[in-house]
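What Swiss-Prot records for 474-483, 512-521 is compositional bias 'Basic and acidic residues'. Look at Swiss-Prot and you will find 426-447 tagged as region 'Calmodulin-binding'. Residues or ranges marked as region 'Disordered' by Swiss-Prot: 468-526. Residues or ranges marked as topological domain 'Extracellular' by Swiss-Prot: 1-16, 82-142, 369-383. Here Swiss-Prot flags 38-60, 164-265, 309-347, 405-540 as topological domain 'Cytoplasmic', drawing on sequence analysis. Annotated transmembrane segment per Swiss-Prot: 17-37, 61-81, 143-163, 266-286, 288-308, 348-368, 384-404, in sequence order, evidence recorded as sequence analysis.
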Amino acid sequence: MAGGRSGSRELPETPTWAVAVVCAVLVLVSVAMEHGLHNLSHWFRRRQKKAMGDALDKIKAELMLLGFISLLLTVAQAPISKICIPKSAANILLPCKAGQDAIEEEAASDRRSLAGAGGGDYCSKFDGKVALMSAKSMHQLHIFIFVLAVFHVTYCVITMGLGRLKMKKWKKWESQTNSLEYQFAIDPSRFRFTHQTSFVKRHLGSFSSTPGLRWIVAFFRQFFGSVTKVDYLTMRQGFINAHLSQNSKFDFHKYIKRSLEDDFKVVVGISLPLWFVGILVLFLDIHGLGTLIWISFVPLIIVLLVGTKLEMVIMQMAQEIQDRATVIQGAPVVEPSNKYFWFNRPDWVLFFIHLTLFHNAFQMAHFVWTMATPGLKKCFHENIWLSIVEVIVGISLQVLCSYITFPLYALVTQMGSNMKKTIFEEQTMKALMNWRKKAMEKKKVRDADAFLAQMSVDFATPASSRSASPVHLLQDHRARSDDPPSPITVASPPAPEEDIYPVPAAAASRQLLDDPPDRRWMASSSADIADSDFSFSAQR
């Protein structure tokens, strides 16, 4: 066998043990990954994290889509490499500062490598023609798509983790709502001036009241104390007043966590518009434009703008409280409305966050791919310092979006006109099942009590036995024959007898049994519903 072909043996020239070992490793790794995802999905279901289970299903769908793309690239590699285009068309819109000689040298190198592998360059047979994409470039593109999917899922998981970490201290604020101090603060009999409340003083200070400076204050506030205790408690009270009863025991913190999980299953996916954004960035990556440099700052601008807008929403709610009344009763109450958000659409904020995460993952995946692929580092990183700045901006953007903007979004967007009813579906079903179970248990107890009461009535007042008693026979017995006859008179009806054995318990039981059972069951059921505690399950 020739020495030049020793490193490029085909399958018939490869030992069977080598083929078996490689196949076994690939199969075992794939099965382990599939089994791990399956167990993770079951763990989410057991922990009653339906939204996280849906997010995991979305990740599985992304992996399946990635598998389809990989399959298409593998199958279409040979046909695409046979699509020939003129060299003049191949020399425009290049991403690198490479001249015609460098391109031809690289093409010649590709032809030599393909020829050494036992193949040949189909388009080299034609004068002035080159392949649309060579087999090597398609292989590199294949790797980039895989790296992009991995980075996007990783960034979304990091975003969820940092967001939950930021929201941990909100749980302490939620627990304080059961304290006497908080109940005194929201006491309806307590009157205060609106401008003296902590919420209004925080958001309507000297600089916050100036129209031109409000946006500047909101911009810097997102970095320093984006959400405070007074903000959380005020928006919590406004949400409860708008969508629930004021005295309901509602865990607003758990609701926000479930809402964040529900949004996570949207963020973790790569929709068709996002794929088009990625394709557009690849198209605009032309040498001389510096597309990958200046476009890396676009997600940063979007995140800063979104954070500023969310802070402005809080300021607008504080302004409406002050404009509505001079004196407030109890706690200041905000009125949720979609008018605070862009185009009356709170979900647009989530779209911008989704776009930011995808674009940031795209930038980092492109950096890692070009640095790790031989021959691409010199092309895409001519100025290494600009590339380092790009990486620093990407990492800072990820921390800012995950730890500040995403939790702020989860809280402020609850001030929209509508609440997420999909989150309540599971909780409503649980509440109805618990209510049904308690109602059936109480009905069994009532039936047993009614049966015992009926039995006590039967034993305490036996009408048939009393009518056959000798005492009653003696009352109706006629006078003896030796007694003097008495004048015939019309007998008056006997006075009603008093029972010598009064049974007040039996009378009470008789009064209880006089009520229709349906009315008694409905009254008890209505009381159960009114006293029920509609709160989220503590099992997390």
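The first residue you see is number 1, and the count goes up from there.
For all residues, glycine too, the Cβ spot is worked out from N, Cα and C.
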DSSP helix, strand and coil counts for the topological domain 'Extracellular' (369-383)?
8 helix, 0 strand, 7 coil
Taken over the topological domain 'Cytoplasmic' (164-265), the model's mean pLDDT:
82
Work out, from DSSP, the number of helix, strand and coil residues along the topological domain 'Cytoplasmic' (164-265).
69 helix, 3 strand, 30 coil
List, by number or range, the same-chain residues at least 6 past the transmembrane segment (348-368) whose CB is under 8 A from its CB atoms?
144, 147-148, 150-152, 154-156, 159, 263, 266-267, 270-271, 274, 277-278, 281, 292, 295-296, 298-299, 302-303, 305-306, 309-310, 341-342, 380, 387, 390-391, 394, 397-398, 401, 405-406, 409, 413
Using a Cβ distance cut-off of under 8 Å, indicate which of 17-37, 143-163, 288-308, 384-404 has the most pairs with the transmembrane segment (61-81).
143-163
Go through the chain and flag residues at least 6 beyond the ends of the transmembrane segment (143-163) whose CB is under 8 A from any CB in it; none is fine as an answer.
59, 62-63, 66, 69-70, 73, 260-261, 264, 267-268, 270, 278, 357-358, 360-362, 364-366, 368-369, 373, 398-399, 401-403, 406-407, 410
Using a Cβ-Cβ cut-off of under 8 Å, list the residues of the same chain that are 6+ residues beyond the ends of the topological domain 'Cytoplasmic' (309-347) and lie near it.
185-195, 197, 199-200, 202-204, 208, 214-215, 217-219, 221-222, 226, 231, 233-235, 237-239, 241-243, 405, 408-409, 412-418
Give me the DSSP three-state residue breakdown of the topological domain 'Cytoplasmic' (38-60), ordered helix, strand, coil.
20 helix, 0 strand, 3 coil
Secondary structure content, the topological domain 'Cytoplasmic' (309-347) (per DSSP, counts of residues):
23 helix, 3 strand, 13 coil
